[in-house]
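A quick write-up on the structure given underneath.
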């Protein structure tokens, strides 16, 4: 893929993600604020009533409000609700996880408009993101060429070079997992093992959702999610590069196999050849030479 084409695609993806974040922010943020207000009001009403007596109906209302808030992505602790999941930074990060198919599962549109939008948005964005990741993987592979030439020194066999390339790419992926894991562990308060688990689950687009970054509210949250999005993009491109090299290695090692159409064409050619040989008239001997 040409650099110009790749840059155009990256620009398209960036603009697409920013627009998606803006739309989701507009649709979901208002609903989130309403849910927070309702949950907080229910909480204060409940705690105010506890001092005298608590009725069954009040308890039911309290539990229902908490469950509804949780379903909408709002966690209530003491008198405070959790950081907004639908501010612009969080909405953009969600759009990023949608088009990369990571989908952590901890956050989802609660409104009908948001659900309809994300379906169409993902269907359009996923193919574009696929092209970008393939192009980035190709460029990263090209950037590794000087390093590969240094490591290989001599012109080794193609298969040997591919094996060494796979090892090199795997080491890069390891670094891209271990170093960011240390940063995530420090910021999120996770153990280092959990942070490594998160980075690998994210880069492989499994996205279980049991660990998600940026859920706490702080001053640098928007920048943190932006830099994390860049890391995700580079990580996915590295995985794409690894898969591409594995495919190349398989093609060189595995024996060439013909497709059903190729076998059918070859069979027809052989049958035509046999029939033409049968129809060919037998040679007659020259009586004079005989």
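In case you wondered, yes, glycine gets a Cβ from its N, Cα and C as well.
Feature annotation from TrEMBL assigns transmembrane segment to 6-27 (among others).
If you look up TrEMBL, you'll see 78-140 (among others) marked as domain 'Potassium channel'.
Residues annotated as transmembrane segment in TrEMBL: 116-137 (among others). Remote same-chain partners of the transmembrane segment (116-137), defined as residues 6 or more beyond its termini with a Cβ less than 8 Å from a stretch Cβ, comprise 1, 5-6, 9-10, 12-13, 16-17, 20, 23-24, 27, 95, 98-101, 109, 233-234, 236-238, 240-241, 244.
The annotation transmembrane segment is assigned in TrEMBL to 166-187 (among others).
Residues or ranges marked as domain 'Potassium channel' in TrEMBL: 173-250 (among others).
Annotation source TrEMBL lists transmembrane segment at 196-216 (among others).
Marked as transmembrane segment by TrEMBL: 222-243 (among others).
The region 'Disordered' annotation in TrEMBL covers 257-290.
The feature compositional bias 'Basic and acidic residues' is assigned by TrEMBL to 266-290.
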For the transmembrane segment (196-216), sequence-distant contacts whose Cβ falls under 8 Å of one of its Cβ atoms, 6 or more beyond its ends: 82-83, 89-90, 93, 97, 100-107, 173, 176-178, 180-181, 184, 187-188, 190, 224-225, 228, 232, 235-236, 238-239
Tertiary contacts of the transmembrane segment (166-187) (same chain, 6+ residues out, Cβ under 8 Å): 141, 144, 147-148, 151, 194-196, 198-200, 203, 213, 224, 231, 234-235, 238-239, 241-242, 245-246, 249
DSSP residue counts for the domain 'Potassium channel' (173-250), split into helix, strand and coil: 58 helix, 0 strand, 20 coil
Summary of DSSP states over the domain 'Potassium channel' (78-140), given as helix, strand and coil counts: 41 helix, 2 strand, 20 coil
